[in-house]
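Here is what Swiss-Prot says about this protein:
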type	residues	note
BINDING	G79, T82	Na(+) binding site
TRANSMEM	9-29	transmembrane segment
TRANSMEM	39-59	transmembrane segment
TRANSMEM	71-91	transmembrane segment
TRANSMEM	104-124	transmembrane segment
Amino acid sequence: MPASLRSPLAIILGAIPGALARYYATIFLAGLFGNDLPYATFLINFSGCVGMGLVVTLATQPALMSPDLRLLLAVGFLGSYTTFSTYALEVTSLWRMGQLGQGVLYGLGSLGIGTIGVLLGSLIARRLTI
C-alpha cells in the first residue's frame with residue numbers, strides 16, 4: 001500500500017466504529033439514565049478522555065503502539081467518538097508544557113466560543129427560515 005494512503009486509511013478505519021460506538025452508547029445510556037440531563041454525552045466525553053489518555057501515553061512507547069494504530073485509535077475512533085477528548089488532551093498538553101495560563105484561556109475560551117457558535121448558528125438558521 002502506498003505510504004500516502006496509510007494514514008488516511010487508518011483514520012477512516014477508526015472513524016466508522018467510533019461514530020457507531022457513540023451512536024449506540026448514546027442510545028444505551030439515555031435508556032439507562034433518561035434524558036433529563038445529557039448524561040450520555042457526559043459519560044461518552046469522560047470515557048473518550050480516558051481512552052485518549054491511554055492511547056497517547058501508550059503511543060510514547062513505539063514497541064507498544066505503532067504510529068498507524070495511534071492514528072486509528074486517537075484521530076479516527078476517538079475523534080469520531082468524541083472531539084471533547086482531543087480538546088481535553090490539548091488543554092492538558094499546554095499545562096504539561098508549563099503554559100498554565102494558555103491552557104486555562106484555551107479551555108475556557110473553547111467552551112465560550114463553542115457556546116457562542118451554537119447560538120450564532122441557531123440565529124442564522126432562524127433568519128434563513130423566516
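Using N, Cα and C of the backbone, Cβ positions are placed for all residues, glycine too.
The Cβ of T82 (Na(+) binding site) lies under 8 Å from the Cβ of R22, I44, N45, S47, G48, C49, each of these being in the same chain and 6 or more residues away along the sequence. Tertiary proximity for the transmembrane segment (39-59) is limited to same-chain residues at least six positions away from its ends with a CB under 8 Å from its CB atoms, namely 22, 25-26, 28-30, 33, 65, 67, 69-70, 73-74, 77-78, 81-82, 84-86, 88-89.
Within the same chain, residues 1, 39-41, 43-44, 47, 68-69, 71-73, 75-82 sit at least 6 positions outside the transmembrane segment (9-29) and bring their C-beta atoms closer than 8 Å to a C-beta of that stretch. Sequence-distant neighbours of G79 (Na(+) binding site) (same chain, six or more apart, CB under 8 Å from its CB) are I11, G14, A15, G18, T86, listed in sequence order. In this structure, G79 (Na(+) binding site) is part of a helix by DSSP.
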